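Take a look at this one; I'll ask things after.
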């Protein structure tokens, strides 16, 4: 818990591909300053860190794993020459029916989901005690999807009546849905839902943090602010998606966040794992620079205290 005033401190971790590892630095610097969040919500790469927090991981453990990541552990290609030709045929309007279904993403996501299962030890939403929310979006209905423990389901439904609230299943499956960047990762199918990256509806889920009961919300926006020539198809899709989600994110942050961090991050692609330390340090630096503002929110000075009057 944070502070003698009993304020619920929530942190919303936004999506942004590999830039999301800046969240590790934010959590690390928070801990160094003597704070830890009561509530964590996450979208896309932010969902991974939110899930690890829900399972009791420390920032040091997150950093250790992040520094050891390798592309071969994370990404399983979904494309063959046949599937690539099938996609091209669809785009050009040819009436060619391939023998196998055309992939809906270049990366299957099975490797990453298995890895998430190992990291979270197969934890299910039903088993979680910490207030956590993972954001996704349902393609069929166009609605936001919020994964949370059952004990918080009614609270989230009241606060976000337009959202689908899912409270059963593995944490790994929830995160897998949240990271499914359209065109890059295959969607995650759960029951009647076809789920994709939560940034489609809420890139930095400050609203979900409020829904879980946070009185003070720190939002961490790791969107890229440096426009450059995309380096290949993956980078192009990522930049386009980031651009589409930005305006909606700005509107929601203004409404639901008390303080927004925007770390000064390097230009990184999904495969630039050698730059993980830079991302982590950028997050830590952003938190340290904003620590004074955060402390004012967590420990507000009452009018009586400001005037030196005794409080009875």
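Placement of Cβ uses the backbone N, Cα and C atoms for every residue, glycine included.
Predicted automatically and left uncurated, TrEMBL annotations should be read as such.
What you see is a predicted model, and the numbers here were worked out from it, not measured in a lab.
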Can you dig out which of the ranges 37-41, 42-46, 47-51, 52-56 TrEMBL describes as motif 'GXSXG'?
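From TrEMBL, the annotated motif 'GXSXG' range turns out to be 42-46.
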Checking feature assignment: motif 'GXGXXG' per TrEMBL, candidates 9-14, 15-20, 21-26. Which range matches?
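Checking TrEMBL against the ranges 9-14, 15-20, 21-26, the motif 'GXGXXG' one is 15-20.
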Same-chain residues six or more away whose CB lies under 8 A from the CB of residue 44 (active site, nucleophile)?
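Set apart from residue 44 (active site, nucleophile) by at least 6 residues yet with Cβ under 8 Å, we have 14, 15, 16, 17, 20, 135, 178, 179, 181, 197, 198, 199, 203.
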Under DSSP, is residue 197 (active site, proton acceptor) helix, strand or coil?
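The residue in question, residue 197 (active site, proton acceptor), is strand (DSSP, three-state).
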I'd like the Cβ neighbour count for residue 197 (active site, proton acceptor), meaning other Cβ atoms within 10 Å of its Cβ, all protein chains included.
27
